[in-house]
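First the structure, in the form of structure tokens, and then the observations on it.
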Amino acid sequence: DHSPVFRKEKVSFRIPETSDPGSRFPLELAQDLDIGSNSIQAYSISPKNEYFSVSYGSWAEDDTYLELVLEKALDREELAEMGFSVIAEDGGSPPRSGSTQVKIVILDVNDNAPVFTEERYVGKTLENMPEGSVILTVLATDQDAGVNGDISYELIQAGGKSDSAFVIDPITGEIKLTKHLDFEDSVYHEFRVRATDGEGLSAICKVLVEVVDVNDNAPELVVSSFSSPLPENTVPGTVVALFSVRDRDSGANGQISCALEDQLFFSVRAAYKNYYELVTVSALDREERAQHILSVTAADAGWPPLTSTQTFTVDISDVNDNAPVFNQTSYTMYVRENNVPTVFVGAVSAADADVGLNAKVTYSLAPVQGAERPWCSCISVNSENGHVFVLRPLDYERLRQTQVTVSASDAGSPPLRANVTVRLVVLDENDNAPLVLYPGQESSPASSELVPVSAEAGYLITKVVAVDADSGQNSWLSYHLLRATEPGLFSVGVQSGEVRLRRPVTDRDAVKQKLVVLVRDNGKPPLSATAALSALLLKDFSDMRLPHSSPATEEQQDSLTTYLIVSLVFVSLLFLISTVAFVARKVCKRKELEAGPVLYGADNLQSGLADAAAAGTLPRAYCYEISLTTGSGNSEFKFLRPILPSLPPQHCATGQEPDEGQDFPCVPVSGEDMAPMDNAGTLSAGQFNAL
């Protein structure tokens, strides 16, 4: 119930191919747990082969062996390896078996010498082949393997001579050139090549190299004379260079012809024998082409033809044949008026196609011809860089633009020049305030505009007309109502300057209206002017006979107003001093009031009147309202009719009640100072003095 079992499933043997038949190679026995006839009884090989057999036996009762026996000599070149199975069988019924795989690797032995594919190798090469070129390749083979089959090559010179023109690659067998071959020195080169394997076995072959003649000598060009640089005004036909050509080859390979690639300005012509000339054929222009690089090619008649090239670099020297050229046909420069002196406004620039001194440009103001207008002395130009300056401040209102002619001259001999026109435009600054043309603002009496009181809103009263000496935005004028007697009554057109009624005229509006219109330009900063005008509001135009105030009368009224203000201040101070004195006397002495004008304030009016009535010094009580009429031609004082003050009954001498609503202060006056008032309600001189 147990099968034989090998400890290893695979076994490998490495056997040299030179092993003798009968050689034995031990194998490990298989194991079977059964005993007796059920144990292992025999071993066999499957499949059977002619090289090996198996031997099974015992040296003693318990000492058995198992060996592979070589029956036939091995040859690695025929069979490099083989494999088979060794089977162990027991004696049971049914019999059981076990197997192991055996691999036989046959080891090589150097028993074969290298063999060349040819006994003689023949190659051809051109004499102009470069170094390193492969001429031919030799090949030898060896049936051995590994190191025994590795072949190396080496050159063997005939008679022991060494020829350094060839070298062989020891691995690939390629024969290469180490230097150029020359057909004229040697036509054939013969040598041998040895091939050796790793164990020293070798073989020898012959190699023959034939050198093929070629056109390997290029023409040579020798320069005898050469002229450079050439002036650009050189005449055609001038000889620039003289050179000769030669070729070391013979026959057709030594026949030479010369050619010039660029023949637009130069050409090559034969002189004598093998000499040639390089000459000019057309006019030269340095500004168009400052340097000519000429290539002269000499070619032989061989195949393929060989050529040699000689390069001539011809520089063209400058001649002053170009005038300066401005980068613009004309220049326009701008400067603001009121500029600072010597202000930079721009630059002119001219270029000269010449070089050196012929291209050095200087600038100046061209003189003015007799018939032309003289140029502005305020402009200057820098002679070195063409910068243009304005030497003095300009006024746009006097000079808006001017132009000068700037000349650019080179330093050649003779010098060449060009002119250009420079136009200087003065830009306006807002330096002029608006000028009012209407209404006139002179010192003479100005007429008043007549406006009917029945005019509706929008009625055109007048129009303010103004101009500005500036231009553009600085001259755009706008009109604004600055002040007026009745600001809400009038409106001014911002753009037109028209003065119109904003609303209908009412009875409360003064007859004479004064207006001040502000006229402002649109400059930065803006400038302005004012226009004063007056308007008379009339029911009909028959009222024109009313006297009109002249400027002199208005000045008198202003002076009178000043005097009245001073007088009022003086009287007020006198009143305060009197009041203080009265109070002091009242407190200290408490005596009877002296006869004379005494003025009471609203606070002590009642007590003062009571005391006066008790003393019997106030027989009659009067209250007067004093007012100054407006618009009066002579500005005189007038007093209205007497009215009764609102005093308590016991404080009035007459005992009459005052009218309701009257809160005017009473002015007690002594009876002797009082006199009947005239019909006009005017106080007498004594009454006025008492007041």
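In case you wondered, yes, glycine gets a Cβ from its N, Cα and C as well.
Annotated range for region 'Disordered' in TrEMBL, selecting from 20-40, 398-418, 503-523, 650-670: 650-670. For the domain 'Cadherin' (222-326), DSSP puts the residue distribution at 4 helix, 54 strand, 47 coil. Simply put, out of 7-116, 117-221, 451-553, 451-553 has the most Cβ pairs sitting under 8 Å from the domain 'Cadherin' (327-436).
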